[in-house]
Amino acid sequence: MRKCQKMLRVANLPLSKMMPCTLTDWSFGGSTFMNLRKLFDAQKEIAERQSSPTKTRFAEFFYGHRHGAYILLIVIIALVIRLVAIDHGFPYIYHADEPAVIRSALGIRFDPNPHHFDWSHLYFYLNYFVYMVFAKLRDLATLAGLKAWVGSIAPIIYNDNLIFYLLSRVFSATLGAFTIIPLYLWVKKLVSRNAGLLASAFLALAPFHVRHSHYALIDVPMLFFLSWSLFFSTFSPILAGLFLGFSASTKYNGILGGLFMALFYLLRGSKPLIQRALDVVKLGIFTVIGFFIGTPYALLDYKTFIRTDGPQGALWQFTNVGKVPFLEQIEKFVSALSTKLPNDLGYGAWLILLAGLAVAGASIVARSKATKQSIILTCLQRIGYKPIDDSTPLRFVIPLAVGVFLALTFYISGLEKNRSHYYMVVYPYFFLLAGWAFSLVIYKFKKPFHKIIPILIVLLPSLIMSVSNIVSLVNKTSSTIYGGDVQENVRITP
């Protein structure tokens, strides 16, 4: 630590900019030592920012350093891989839930109340807005005498039986790709910039997320709003609450993301407990506001909303998922961790996460032996037993993410119906942990080329599985969707 402080003085940097200097500081950033060259690079970056005070935070993100180019490249790759074969199955619609979404969105034109609350409504309204913008543009093209030319290039544009499915799929794929931005900003804020880039790369190629982004369904948009909520939670409980409400207003289980944020507010910072509790209250209040903004008829038509006797009511949906016995829940929990989630999230990212947790555990055991303290006490010291100041590393973030990830996975495993898309609410915590763990590994490599090789090796299985999923979409039947849980298809004819 003294050596680090000396180097900081040489580089003329404040101690608040210092990164952890020992392996035992495993829970922040993935750095075990900051060399002199990096300190001078950091000083240069600070000087450049001070020389350009007019730059906004948003501009700094996209301009002035290589990381902006990296994240832009990741977003482009994610968008391309999600748009490839986006018209899969046409003129057939093999997923039974897609027609329900499209018809509900189109019905907004005649009645703003969908009259069913098995799903919340924000995604319906957003799709309707997309449809209206498209319809206006198509009408302008027709008035300009371009209908024949446009129709010859893309005849689907004037096929009302298919175009709305295509628009909603493209919308879903776009939201899926742009989920990378809030995920990167969140992980960068809590862990490190490199961890944010790695987490974003893992999400870009996550096999199930890539596959599910090809459908006009609500799970991918839910994750988009949840990721923004997590990022906003680092500085504004009001914005975090609004976007958490939008997430729940897209799909009800988005509300589960509030567990991490509530604990985050209670554990972080040097403010008195009453002020930290007030942040949690703000989060809750604006979550409710955000939900009713996206699903206003949950309040205006509350009698239908609270029905339990059929799919028109939201409470029916909560009971329809069912519950399994405790021993079976444990069995499904183990199965989810060992099979379902590695297959959906990528085996490379999963193995890296396990390796990072093993290294962290080994460092705690080693320090416990060196200090002759109990492992529990050492662990509490390492994760930040006391609330810490905002200027110091948020060392409780990693164990908090581990705890929330396992808790939500265990809860979802207890549902009788717990298909892969139900677990999407735990994705941000997994990718944060995977990005942190991988940053521990590649930090050991000094040359950029040596860092690229392990990154490509770890991402390769996810890429192969994602491509395989896209091929299966193109060559699918109803028995290949969701592992065979869809029993019928709908043929859409011109």
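Cβ from N, Cα, C; glycine included.
According to TrEMBL, the features are:
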type     : residues : note
DOMAIN   : 165-256  : domain 'ArnT-like N-terminal'
TRANSMEM : 67-85    : transmembrane segment
TRANSMEM : 162-185  : transmembrane segment
TRANSMEM : 191-210  : transmembrane segment
TRANSMEM : 222-246  : transmembrane segment
TRANSMEM : 252-268  : transmembrane segment
TRANSMEM : 280-300  : transmembrane segment
TRANSMEM : 347-366  : transmembrane segment
TRANSMEM : 396-414  : transmembrane segment
TRANSMEM : 426-445  : transmembrane segment
TRANSMEM : 452-474  : transmembrane segment
Taking the transmembrane segment (347-366) as reference, which of 67-85, 252-268, 396-414, 426-445 has the most Cβ pairs under 8 angstroms?
426-445
By DSSP, how many residues in the domain 'ArnT-like N-terminal' (165-256) are helix, how many strand, and how many coil?
76 helix, 0 strand, 16 coil
Stretch of maximal Cβ-Cβ contact with the transmembrane segment (396-414) [cut-off: under 8 Å; candidates 162-185, 222-246, 252-268, 280-300]:
252-268
Would you mind listing the long-range same-chain contacts of the transmembrane segment (280-300), meaning Cβ under 8 Å and 6+ residues beyond its ends?
112-114, 117, 120-122, 125, 233, 237-246, 248-250, 255, 258, 261-262, 265-266, 314
Stretch with greatest number of CB pairs under 8 Å, the transmembrane segment (67-85) reference, 191-210, 222-246, 426-445, 452-474 candidates:
191-210
Which residues of the chain, 6 or more past the ends of the transmembrane segment (191-210), have a CB below 8 A from one of its CBs?
28-31, 67, 70-71, 74-75, 77-78, 81-82, 176-177, 179-180, 183-185, 220, 223, 343-346, 349, 397-398, 420-421, 424, 427, 431-432, 434-436, 438-439, 442-443, 455, 459, 462-463, 465-466, 468-470
Who are the long-range neighbours of the transmembrane segment (426-445) in its own chain, taking Cβ under 8 Å and residues 6 or more past its ends?
26, 29-32, 183, 186-187, 190-192, 194-200, 202-203, 206, 209, 223, 226-227, 230, 257, 260, 341, 345, 349-350, 352-353, 355-357, 359, 397-398, 401-402, 404-405, 408-409, 412, 451, 454-455, 458
Where does the mean pLDDT land for the domain 'ArnT-like N-terminal' (165-256)?
97
Restricting to the same chain and to residues at least six past its boundaries, which positions have a Cβ under 8 Å from a Cβ of the transmembrane segment (162-185)?
61, 71, 74-75, 78-79, 82-83, 86-87, 90-91, 93, 98, 101-102, 105-106, 126-127, 130-131, 134, 156, 196-197, 199-200, 203-204, 209-210, 212-217, 220-221, 223-224, 227-228, 230-231, 428, 431, 492, 494
